[in-house]
Amino acid sequence: MKLPIYLDYSATCPVDPRVAEKMVQYMTMDGTFGNPASRSHRYGWQAEEAVDTAREQIADLINADPREIVFTSGATESDNLAIKGAAHFYSKKGKHVITCKTEHKAVLDPCRQLEREGFEVTYLEPESNGLVDLSKLQAAMREDTVLVSIMHVNNEIGVIQDITAIGDLCRERKIVFHVDAAQSAGKLPIDVQEMKVDLISFSAHKAYGPKGIGALYVRRKPRIRLEAQMHGGGHERGFRSGTLPTHQIVGMGEAFRVAKEDMQKDYDHALALRNRLLDGVKDLEAVTVNGDLEQRVPHNLNVSFAFVEGESLLMSLKDLAVSSGSACTSASLEPSYVLRALGLDDELAHSSVRFSFGRFTTEAEIDYAIEQIRVAVTKLRDMSPLWDMYKEGIDLSTVEWAHH
């Protein structure tokens, strides 16, 4: 068993060997290394053909037209292009945007930028299980609402939003609907014909592809217009200039092809591992699963161990690669903004750990993890005076602490 055990698949996945093998063929003199925009010779044509194949593989996973796929450097860029691009293009119609407080920073920060430019943004409060209440969303919609951005699967708590229902609400009112699907592509079926979604962000590295490549689905019927954010040679039909990185695109295409093929197998594998881990730790007392356990991808388990500091727990679990919060914000010692939005108090939000597993995680690794978690939580609680008070039946919320 390789230590530390990797249980942070929501942060990134290792590249699948099938993907890596394919990518290597598009880099050196022996392979297809040309620029896909070079139209005057075979090196360019072959590279363009490889890009077209990958575009089809990505479109296949979501039942889209390959012409609706725009390559970007990742989901962050896709989110920026979708949110700023749509808001700017449709700003004559209105300047109101709706999103949710538990979105990824790559959605929240572009919304903050729009606010600085004079747009108004409504940040919906999720329910305590992490889901958006459709009636609250409907109530927030106005005549001047031009864009709604709600993620498919949350990166910290793994809950699945009802994208189909939200899409219906938006389509009725002719509001552009953007979805960040970085955490759901390859894990859940996505059908753009059934879901009335206009813009969808994808990332390769969350689906066993390489880092640094992503895509944005831009609906053609009804046609969605965007203002480009990256200007230059007019690549990607003017949506996103910049030489296409053939090897990364090929990697993303292959990763999405494999994901489509293995989706059910991967899902069942993750579900078995998730249940095994939860069964192994849930009797530890004062253990809370954050986010809805039913409407959730099985690849994620976010748990709070009361009376244990999350950072201390991570340091005690040195043989497990896990995170508290998401990798994008875990450098900050603030409690997770996602968990606080669910109504968790700072103590519980601070004591949370996200375990995420995937294609290469084994049962033996989960069993080892359970053993490590049990030892660490018990040891840290033994050192905590708060735990002793809790065990004595003292209601900690009533205690008056002295201020020094």
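Residue 1 is the first one shown; counting continues down the chain.
Note: Cβ is positioned from N, Cα and C throughout, glycine not excepted.
These features come from Swiss-Prot:
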BINDING   ALA75, THR76, ASN155, GLN183, SER203, ALA204, HIS205, THR243  pyridoxal 5'-phosphate binding site
MOD_RES   LYS206  N6-(pyridoxal phosphate)lysine
ACT_SITE  CYS328  active site, cysteine persulfide intermediate
BINDING   CYS328  [2Fe-2S] cluster binding site
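Shown on the structure are the features that Swiss-Prot records.
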{"residue": "ALA75", "record": "pyridoxal 5'-phosphate binding site", "contacts (Cβ under 8 Å, 6+ apart)": "HIS104, ALA106, ASP180, ALA182, SER201, PHE202, SER203, LYS206, GLY214"}
{"residue": "THR76", "record": "pyridoxal 5'-phosphate binding site", "contacts (Cβ under 8 Å, 6+ apart)": "ALA106, GLY214"}
{"residue": "GLN183", "record": "pyridoxal 5'-phosphate binding site", "contacts (Cβ under 8 Å, 6+ apart)": "SER10, MET151, HIS152, VAL153, ASN154, ASN155, GLY158, LYS206, VAL297, ASN300"}
{"residue": "ALA204", "record": "pyridoxal 5'-phosphate binding site", "contacts (Cβ under 8 Å, 6+ apart)": "GLY74, PRO210, LYS211, ILE213, GLY214, GLN248, GLY251, MET252, ALA255, PHE256"}
{"residue": "HIS205", "record": "pyridoxal 5'-phosphate binding site", "contacts (Cβ under 8 Å, 6+ apart)": "THR12, CYS13, VAL15, GLY74, LYS211, GLY212, ILE213"}
{"residue": "THR243", "record": "pyridoxal 5'-phosphate binding site", "contacts (Cβ under 8 Å, 6+ apart)": "ASN35, PRO36, ALA37, GLY233, HIS235"}
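DSSP assigns SER203 (pyridoxal 5'-phosphate binding site) to a strand segment in the three-state reduction.
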